[in-house]
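Asker: Structure incoming, see below.
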Amino acid sequence: MSIVLVVNSGSSSFKYQLIDMEREETLASGLVERIGEGVASVTHKTGGAIITREADIPDHTRGFEAMLEGFEEHGPDLAEFPPVVVGHRVVHGGRRFFDAAVIDGKVLQDIEDLIPLAPLHNPANLEGIVGARDVFAQTPHVAVFDTAFHTTMSEASSLYALDAEVAKEHRVRKYGAHGTSHKFVSEETARFLGRDLAGLKTIVLHIGNGASMCAVDGGRSVETSMGMTPLEGLVMGTRTGDLDPAVLVHLSRRGGYTIDQLDDLLNRKSGLLGLTGSGDMRDVRQKASAGDERAQLGLAVYAHRIRHYLGAYMLLLGGADAIVFTAGIGENDAKLRAEVLDGLEWLGVKLSPERNESASRDARRISADDSRIEVLVVPTNEELEIARQSLAAIA
Ligand SMILES: Nc1ncnc2c1ncn2[C@@H]1O[C@H](COP(=O)(O)OP(=O)(O)O)[C@@H](O)[C@H]1O
Ligand SMILES: CC(=O)OP(=O)(O)O
Ligand SMILES: [Mg+2]
């Protein structure tokens, strides 16, 4: 039996999944939220049961213990299903990791060295790894990097027009993120369509709390909307996405903002939250339906940015076979999908309103039969992709 435990650590949360890789079946999954905030919430799901409780979880190591308690109390018994490997999501692998890596002291050091390039994500990923290695000391651990899928991008896509010496010294270039999801979804798309991945041009819209798009040509990432860090590109829950860099100079000079305040403003106080007062799409939709004009305007900015990238990626790929929506918003928000694809019949994109609004949660076609370009919803499963790569890395 090949059992893999996957850990996706965020700054204040972590998600986990125990997967039987022989059938790619999830035996249990869970979420520990609000770590270090006094009362954390712990959810453990297995065999159709969902158990939620509150606990004091000051750090990720304690979070791991809470996860283990979930397994002990509600199963499955980890002694019966011992993981052969623990797979970890790591957002930034820079130009050091082109593939998944078995974690040793050197890999840990590299992930730490990359913290300046992903200050919100890599420290949490690292803490998760350290916690998990304490608990699963005899098991190999593998890091799977969000950036790895984008290492196929050309220099023309990856370089900023910054002084070349400065860029080199400070490792400033586009690395992208969400690559594990973009890879998984583009492969699922080929499978769904019964097409050979090698001949398929896909535009993947990973629209969750963090959001990015990717132009995938024959299974290779050729362009993506996130940049040196996961701040560039689309409007997100709390992140600005694209912004004239001179805004920073202006706010610093005229507004007296410090570097830390700017970082906080751009990463945590902007995006949907900054535009509408809510960072969660469900709340923004509710407000907009109730007539809130700020929410309506925020949604217009949100969809406009996605359309901007969609147009660019159609051109870069020389046309697309499929436009694919995924992640929390992409999979669930039919209104957003309709807004993004509104009036694109001239381009060969025609949505079927009934299919778009269907309550199905499976991979599905939402374009009309006479749409030249296929439009799909394909649920992402980063954990399964991490499990596949982790298993391959120890083989
Ligand atoms: N039914 C829904 N309609 C609209 N948005 C939804 C729905 N369900 C979830 N979302 C949104 O999905 C987002 C979270 O996406 P997710 O991919 O889980 O993000 P992350 O993994 O980055 O935390 C939130 O903005 C949430 O409001
Ligand atoms: C890279 C990134 O933005 O990740 P998340 O969507 O989990 O915030
Ligand atoms: Mg995410």
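Heads up, the Cβ atoms here are built off N, Cα and C, so glycines get one too.
So TrEMBL says this about it:
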- N8, E382: Mg(2+) binding site (BINDING)
- K15, H206, I207, G208, N209, G210, D280, M281, R282, G328, I329, G330, E331, N332: ATP binding site (BINDING)
- R89: substrate binding site (BINDING)
- D146: active site, proton donor/acceptor (ACT_SITE)
- H178: site 'Transition state stabilizer' (SITE)
- R239: site 'Transition state stabilizer' (SITE)
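What does the local environment look like for each feature on the list?
Answerer: Non-local contacts of E382 (Mg(2+) binding site) by the CB criterion (under 8 A, 6+ apart in sequence, same chain) comprise N8, R89, T180, S181, F184.
D280 (ATP binding site) falls within neither a helix nor a strand when secondary structure is assigned with DSSP, and so counts as coil. A 10 Å cutoff on Cβ-Cβ distances gives D280 (ATP binding site) a total of 16 other Cβ atoms nearby, all chains included.
R89 (substrate binding site) is surrounded by 24 other CB atoms, counting those within 10 A of its CB over all protein chains shown.
Neighbour count (other Cβ atoms within 10 Å of the Cβ, all protein chains): 28 for D146 (active site, proton donor/acceptor).
Just so you know, the Cβ of H178 (site 'Transition state stabilizer') picks up 29 other Cβ atoms within 10 Å once every protein chain is counted.
Cβ contacts within 10 Å of R239 (site 'Transition state stabilizer'), excluding its own Cβ and spanning all protein chains shown: 28.
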Asker: When DSSP is mapped onto helix/strand/coil, what comes out for E382 (Mg(2+) binding site)?
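Answerer: SS state of E382 (Mg(2+) binding site) = helix.
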Asker: Run through the Cβ atoms and count how many others sit within 10 Å of the one on N209 (ATP binding site).
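Answerer: Within a 10 Å radius of the Cβ of N209 (ATP binding site) lie 17 other Cβ atoms.
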Asker: Taking ligand 1 as the reference and 6 angstroms as the Cβ limit (strictly under), which binding-site residues among N8, R89, I207, I329 are close?
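Answerer: Only I329 qualify.
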Asker: Can you give me the same-chain residues 6 or more apart in sequence from K15 (ATP binding site) with a CB-CB distance under 8 Å?
Answerer: V7, N8, S29, G30, L31, E383
Asker: Given a separation of at least six residues and a C-beta threshold under 8 Å, show me what packs close to I329 (ATP binding site) in the same chain.
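Answerer: Within the chain, I329 (ATP binding site) has Cβ neighbours under 8 Å at I207, G208, A211, M281, L336.
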